[in-house]
């Protein structure tokens with residue numbers, strides 16, 4: 001089942017968009033719509049983890065940009081589409097990683113084309129890849145997107161994950177003797193071979209980084225979403241930046 005949220009303070013715009021989506025040949029049969037007329041309403045139901053979110057920029061109360069930033073704190077994988085009648089994209093709005101920015105006055109043919117791509121992206125993201133590790137004698141299932149980086153250890157590798165992923169693991173396993181560190185006995189080079197097609201690359205001989213969770217990159221350093229700063233070694237600098245540029249190029253061709 002695909003969960004689609006439409007958040008707009010104009011109920012007529014919500015109904016219009018919903019009908020257009022339903023009539024697209026790319027629309028899955030198993031789809032459930034959620035309607036919200038304010039950012040506050042959508043934020044309250046962020047735990048539903050919608051697969052696709054259409055969000056009006058201009059709304060009373062919490063605007064679309066601020067709503068998106070709060071939603072991203074609990075739902076990183078949703079396809080986010082900003083809707084607007086007159087407002088142009090801002091630097092702040094793009095921090096929420098929207099997939100598209102649609103103007104309400106688009107011609108129907110333009111809107112149909114954009115929505116087809118949006119729906120296809122929703123379907124693609126639903127097929128989330130997972131990484132499995134055995135840590136402290138227990139199997140751990142991680143979303144690939146939740147991994148920040150993986151470092152080399154003397155006997156295996158250490159996996160660093162996002163704060164939200166840590167909280168989720170804490171909920172699932174409340175035992176007092178649980179080791180908070182995720183240590184795998186697998187070699188880093190073998191893990192890299194499994195994850196390289198998902199946007200992982202060596203920034204240093206001793207660690208691989210998930211491009212998805214980089215928030216800032218300079219020539220010699222990268223900053224991850226939890227504010228961890230990692231150094232890019234001189235020997236890896238060229239290949240790392242080359243692959244990171246390819247990753248960004250693919251991402252922007254899809255529309256962020």
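Glycine too: its Cβ is placed from the backbone N, Cα and C atoms.
Per TrEMBL, the feature domain 'Response regulatory' maps to 3-119. According to TrEMBL, the 4-aspartylphosphate annotation covers 56.
Secondary structure by DSSP for the domain 'Response regulatory' (3-119): 46 helix, 26 strand, 45 coil. With a 10 A radius on its CB, residue 56 (4-aspartylphosphate) counts 25 other CB atoms from all the protein chains.
Note on the domain 'Response regulatory' (3-119): its mean pLDDT in the predicted model is 89.
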